[in-house]
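To keep things clear, I will list the structure first and then write my remarks on it.
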Amino acid sequence: MQPRVAVIMGSTSDWPIMEHAVTMLERLGVECETRIVSAHRTPDLLFDYAGEAAPRGIEVIIAGAGGAAHLPGMVASKTPLPVLGVPVESKSLKGIDSLLSIAQMPGGVAVGTLAIGKAGATNAGLLAAQIIATHDADVRRAVETFRAEQTQKVLDTPDPRAQ
Ligand code: RP5
């Protein structure tokens, strides 16, 4: 199957967070590919990968990185595709550095910045599916079903002591 979403990250150390984006995409039936692409360690690969993503049929790029998290912004500078940035928690600054590095883009080059860590990766997968759902009825139904089930789960267990 042709992957529609690329889930990329700066290091294998980002995978325990970024796998939550993949889990959500799989749950919603959206094909994705995963790659290590580092802004600092493999800059030429970054440029090639970002430039070739749209011609290969990728529709959304999710990019996760920590610390001096330049990957999402640099990818966005080389592609017209929507780029969703996931700040990965760093050891020294708990991901605040990652968040600010990803969010503070100059006007004219957009990165949609998610929350730090697992929730951000999960929501990047969900948001990528919602972007695709604007022109794909199957993915739209999958998103609607996921949301309805999530709502019902909360309504079914109103007492926290019963969980
Ligand atoms: C960033 O540096 C990566 O995205 C990762 O979050 C961070 C640390 O990388 P490693 O030293 O663990 O490979 O580029």
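Even glycines carry a Cβ here, placed using N, Cα and C.
Per TrEMBL, the features are as follows:
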DOMAIN    3-154  domain 'PurE'
BINDING   Ser11, Asp14, Arg41  substrate binding site
Shell of the substrate site beyond Ser11, Asp14, Arg41, same chain only (C-beta within 8 angstroms of their C-beta centre): Met9, Gly10, Thr12, Ser13, Ile36, Ser38, Ala65
Assigned conformation of Ser11 (substrate binding site) - DSSP reduced to three states: coil
Other CB atoms, at most 10 A from the CB of Asp14 (substrate binding site): 24
Cβ-Cβ neighbours of Ser11 (substrate binding site) (radius 10 Å): 18
DSSP three-state assignment (helix, strand or coil) for Arg41 (substrate binding site): coil
Intrachain C-beta neighbours of Arg41 (substrate binding site), sequence separation six or more, cut-off 8 angstroms: Gly10
